[in-house]
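*Asks:* Per TrEMBL, the feature domain 'Guanylate kinase-like' maps to 10-188. What TrEMBL records for G17, P18, S19, G20, V21, G22, K23, G24 is ATP binding site.
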Amino acid sequence: MAPDQTSAKGQLIVLTGPSGVGKGTLVQLLLERHPHWFLSISATTRSPRAGEEDGQSYYFLSKEEFQTWIGEEKLLEWAEYAGNYYGTPRQPVEAQIAQGKTVLLEIEVLGARQIKQTFPSARRIFILPPSVEVLEERLRGRGSDSETAIAKRLAQAQQELQAAAEFDHQLVNDDLDRALHCLIDLIEEGNQPQD
Ligand SMILES: Nc1nc2c(ncn2[C@@H]2O[C@H](COP(=O)(O)OP(=O)(O)O)[C@@H](O)[C@H]2O)c(=O)[nH]1
Ligand SMILES: Nc1ncnc2c1ncn2[C@@H]1O[C@H](COP(=O)(O)OP(=O)(O)O)[C@@H](O)[C@H]1O
């Protein structure tokens, strides 16, 4: 039986959109306001940034370890992004959904597409920047990526933005507070008991 067909059902919310659009910022604010919502911790082969800890920001794996996780079907979805692998560990997500929790995934577009197959009931929200120029400013302003990494992310962003209409909802992250409240409304809409 597919995980979203069990009786006690939580909601799976997928936030996607280009790097630098503000997904991480929005997720942290969502969790401050709703600490009982569960954020999935992804696995990645990218190197930790300053301040990132294994098991908190990501599970940092070697390429070999990541391949093993794929082979053992430990990942709900995975994708290669800007030269590294990223994936969602399956077990914690399934366990939290089974307990009726709201689970958040913050993932890139290829992975978000796969979730449609794995969890048809997931609600997938595409976060858009006000413009590509603003996206570039945010990536630079964050100060976490090299020029090469920024160039890769911007090139990827052009393609990702074309996929926005595929998703269930589109939300422009212009004013942070406005975007946050729209996001909360969208998620809470899905938490209402259904007749
Ligand atoms: N498919 C997939 N993408 C992920 C996962 N975790 C993170 N990502 C995405 O990978 C991209 C790069 O992430 P990261 O290197 O942390 O950069 P940042 O999101 O720009 O800070 C972002 O678009 C993330 O949303 C995952 O488990 N699966
Ligand atoms: N609505 C917003 N207005 C202005 N700056 C923002 C907004 N949302 C996010 N940012 C800033 O943009 C940068 C990228 O945001 P981040 O959350 O890291 O993006 P992502 O997780 O999508 O890669 C950060 O420096 C963040 O503070």
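Cβ coordinates are placed from backbone N, Cα and C, and glycine is handled just like the others.
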*Asks:* Under 6 Å from ligand 1 by Cβ, which binding-site residues from G17, P18, S19, V21?
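*Replies:* If the test is a Cβ under 6 Å from any atom of ligand 1, the answer is S19.
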*Asks:* Where among the binding-site residues G17, P18, G20 do you find the Cβ with the fewest other Cβ atoms within 10 Å?
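*Replies:* Ranked by other Cβ atoms within 10 Å, the binding-site residues G17, P18, G20 bottom out at G20.
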*Asks:* Tell me, what is the mean pLDDT of the domain 'Guanylate kinase-like' (10-188)?
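*Replies:* Mean model confidence (pLDDT) across the domain 'Guanylate kinase-like' (10-188) is 95.
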*Asks:* Inside 10 Å of the Cβ of V21 (ATP binding site), count up the other Cβ atoms and send me the figure.
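*Replies:* 27, counting other Cβ atoms within 10 Å of V21 (ATP binding site).
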*Asks:* Cβ distance under 8 Å to K23 (ATP binding site), same chain, sequence separation 6 or more: which residues?
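*Replies:* Long-range Cβ contacts: L15, T16, G17, E106, I127.
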*Asks:* Report the member of G22, G24 (the binding-site residues) whose C-beta atom has the most other C-beta atoms within 10 angstroms.
*Replies:* G22
*Asks:* Once near-sequence residues are set aside, which residues in the chain of S19 (ATP binding site), 6 or more away, have Cβ atoms under 8 Å from its Cβ?
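*Replies:* Those within reach of S19 (ATP binding site), by Cβ under 8 Å and sequence separation of 6 or more, are A82, E108, L139, R153, Q156, A157.
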*Asks:* Which chain neighbours of the ATP site, leaving out G17, P18, S19, G20, V21, G22, K23, G24, have a Cβ atom within 8 Å of the mean position of the site's Cβ atoms?
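*Replies:* Apart from G17, P18, S19, G20, V21, G22, K23, G24, the close residues are I127, P129, L135, R138, N173.
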